[in-house]
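Q: One structure is given below, represented as structure tokens, and several questions about it will come after.
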Amino acid sequence: MATAKEDKDDVEPDMVYTKELRAATKDVHKLSDVLVNAKFAFALSDDTVWADGLLSFYEIYKFLESNLPEELLPKELHRVKEFEKDFDYFLGENWRDTYEIRPAVKKYLEHLEEVNKKSKILLFAYAYQMYMALMSGGQLLQKKRMMARKLWPDKQENIQEQIDSEKPSNPDDLTTRPMPLQVPICPDGCAATYFPEKISDLKAKLRTILNKHYGKFDEQTKADFIEESRNVFIYNSDVVRSVKGVNRANIRKLAIVVLFFVSIYFAIKIARH
């Protein structure tokens, strides 16, 4: 029977390697988060923006799923069919007829081709970050979107409390970092971020794969893996900048907010007279 210390030792490598990788990508990760938050401030509930955001990353997930073996990317994590289901809903079943890969994505794919020729493990660096993103930030964005569109099953006043509770008191301490509340339903247009399996189990599978290889890296391979892990956020930022319709959606949302406050102002003014 394993002792408490042995159990602790079994768990610690998971966090050790994850924390080491997170520390090495912290600066580019934060810049990417700032860009996403700034760009999508008011646009999350806009179907056109959401669909184009999914479309911009579709080829990246497709490439990873087509080129990584199941031992590095388990089938239950695959998202391409779910992305396509969302595109059918948002863009119509003939969306492929007019679909073109945008320049930022072509540049990204060219780099992934080079990485794939070098090493599947280095390509896994992209899969690790991209699928973790879907199961963390992707859940948070979908919840906010569902809240804005009145799709969330819980009471609206509870959802913001749930979102706030998921913010870590110490972002660098992964051992105390709260697990994002998993999106429990899959209405039309929400397939890409919906996982029927427990996200905590899926994340554990990815971390197990990371542990299996990362701890055996020599110094050069580790440096290369970290470099590609940083490149994920750099290339992702370029793709995010290519998402269409954000400014239009933000302006429209802002105009609604301004109109709301102007209406209140005039209502008060009239009441006083």
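Cβ coordinates come from backbone N, Cα and C, glycine included.
Any TrEMBL annotation is an automated prediction that lacks curation.
Relevant sequence annotations retrieved from TrEMBL are reproduced here:
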- ARG22, HIS29, TYR128, ARG207: heme b binding site (BINDING)
- 254-271: transmembrane segment (TRANSMEM)
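Set these features in their place in the structure for me.
A: There are 16 other CB atoms within 10 A of the CB of ARG22 (heme b binding site), with all protein chains counted.
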Q: Mind giving me a neighbour count for TYR128 (heme b binding site)? Other Cβ atoms within 10 Å of its Cβ, every protein chain shown.
A: 23
Q: Over the residue list ARG22, HIS29, TYR128, ARG207, recorded for heme b, what is the maximum interresidue Cα distance in Å?
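A: Spelled out: the longest distance between any two Cα atoms in ARG22, HIS29, TYR128, ARG207 is 18 Å.
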